[in-house]
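Here's what TrEMBL has on this protein:
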BINDING   His26, His28, Glu169, Asp298  divalent metal cation 1 binding site
BINDING   Glu169, His201, His230  divalent metal cation 2 binding site
Amino acid sequence: MSELRGKVQTVLGQIEPDQLGRTMTHEHLTMSFECSHVPPAPGDEGLSLAPIEMKHLHWLQQNPYSHHENLLLNQELEAVKEELLCYRKAGGGTIVENTTTGINRNLPALKQLAKETGVHVIAGAGYYVDVTHSEETRKMTVEKLTDVIVSEVLHGADGTDIRCGVIGEIGTSWPITESEKKVLQATAHAQTRLGCPVIIHPGRDNKAPVEVIRILQEAGGDISKTVMSHLDRSIYDHGELLEFARMGSYLEYDLFGTEVLNYQFNRNVDMPSDSQRVQSLKFLIQEGYEDRILIAHDIHTKHRLTKYGGHGFSHILKNIVPKMLSRGITQNQVDKILIENPKRWLTFK
Ligand SMILES: CCC(=O)NCCS(=O)(=O)O
């Protein structure tokens, strides 16, 4: 139980849950993704180093992780500010900014963006995937990792007094590494101390979400206050999806706007289209999970910003919501997904 009980914690301080409004629960406003660079196909080396231009846009959209500059979202604070102003105009209230240690979290920039745009921004505590763990992180005990995470929420992170309002996205690979397992255990322990929301990045395998939840459960985590991200590219089979849903976490479809022929991180995966994502939401609603669904775009590269011909942070509000309504999802269910479910998740217990 903490002093934050009943509140939501933004980078500008605590607010009442009713102030959140429509919320994207998984975005990045500034980060670098160099840890995930994918070497270009033979013959494409030139494209991977070329400046971003209209004539290369299709290649970039299909090969986003092979273009060095595309991975540096942290160079685009001005464009992101413009995007947030549009997001607010489109009816958006809050962004959960999931950048954790390892991919260049920048809390002063988040605070500035929140001040300048009026969008509530909630920052993430903890660590991204193993390849970004420092030697110091790897050597830490679960107890020490827990103390760091708790302190990022209660006192501030990265040498600032800016406090995180969720733990995550906590990064895991497949298979889960020893260092990631310790971070997951620390996450559960910190959650027990704080009563706070947790959000997980699972490894790219259909068994990964279940395995992560088991580790959190064994360490005493509150699964009902935990989000499993990236279900779009993790679990496709409806039977498997229902089995996972029964474990009790929030179910997040957070790659809206990503439409690719080949998913660069796992060629075995057929990345769903936005229409197929909406079908999955409808399926989960029909199965009784409308109180557990969350959605977002997970923007983490330049090419998805409107400045570079991308869909931007307002795509869900402007395009996906009308599509949901046209496919028989009710306004009340849309409001649950965009307002009520995020509010319940983000409020400290
Ligand atoms: C830091 C951004 C991130 O992890 N995004 C997830 C991309 S994917 O693994 O779902 O492709």
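From the backbone N, Cα and C atoms, a Cβ is placed for every residue, glycine too.
Heads up, TrEMBL stuff is auto-annotated, nobody curated it.
Features as recorded by TrEMBL, highlighted on the structure.
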| residue | record | CB count, 10 Å |
| --- | --- | --- |
| His26 | divalent metal cation 1 binding site | 28 |
| His28 | divalent metal cation 1 binding site | 26 |
| Glu169 | divalent metal cation 1 binding site | 29 |
| His201 | divalent metal cation 2 binding site | 23 |
| His230 | divalent metal cation 2 binding site | 21 |
| Asp298 | divalent metal cation 1 binding site | 24 |
Rounded Cα separation (Å) that holds between His28 (divalent metal cation 1 binding site) and His201 (divalent metal cation 2 binding site):
13
Rounded to the nearest angstrom, how far is the Cα of His201 (divalent metal cation 2 binding site) from the Cα of Glu169 (divalent metal cation 1 binding site)?
6
In angstrom units, rounded to an integer, how far apart are the Cα atoms of His201 (divalent metal cation 2 binding site) and His26 (divalent metal cation 1 binding site)?
10
DSSP secondary structure for His28 (divalent metal cation 1 binding site), reduced to helix/strand/coil, please.
coil
